[in-house]
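According to Swiss-Prot:
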REGION    1-64  region 'Domain I'
REGION    65-139  region 'Domain II'
REGION    139-143  region 'Flexible linker'
REGION    144-193  region 'Domain III'
Amino acid sequence: MIGRIAGVLLEKNPPHLLVDCNGVGYEVDVPMSTFYNLPSTGERVVLLTQMIVREDAHLLYGFGTAEERSTFRELLKISGIGARMALAVLSGMSVHELAQTVTMQDAARLTRVPGIGKKTAERLLLELKGKIGADLGAMAGAASASDHASDILNALLALGYSEKEALAAVKNVPAGTGVSEGIKLALKALSKG
């Protein structure tokens, strides 16, 4: 599976990207939240990815943050929610807005996302209750542990650690720690664990 992609951004046509990785062009679909934060074409881009293999296609979905990818994966576990619908949800609201919506059980807010009706919204709320909030709570704890938590987390993911291991390690990094020192502290915590 392809879990991360780094290369030169060749094309941007919402929500599709073409990323050149050493001469190989990868087509990647991204949520609009990631799309709006992309660099200009011709510049280097790094995306966390989720590869989906279907009978008729191999599809690659890209995300700017680990929490977006984790939420995408949770959405895919829900019956009747495919990759396109999950991408639409993440394009229609941020991960934190989705977590608030799930916590408040606000089906009306979810129905504003194109393609989601009342029944689908209710199923999403039921299935995500207790899952998405727990993930975000862990990530919020990691983010408060360091000003550079996202960069440290992405570095650990790039080194092959699981999201769970990386989040636990980032929690041990004191606030105000720089990225390189934070990575060292996180790696030290991982080696002890």
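Residue numbering: from 1, along the chain as shown.
Each residue, glycine too, has its Cβ placed from N, Cα and C.
Since we're looking at a predicted model, the values are computed, not measured.
Mean pLDDT for the region 'Domain II' (65-139) in the predicted structure: 88.
Under DSSP, the residues of the region 'Domain III' (144-193) split into helix, strand and coil as follows: 34 helix, 0 strand, 16 coil. Per DSSP, the region 'Domain II' (65-139) is made up of 54 helix, 0 strand, 21 coil.
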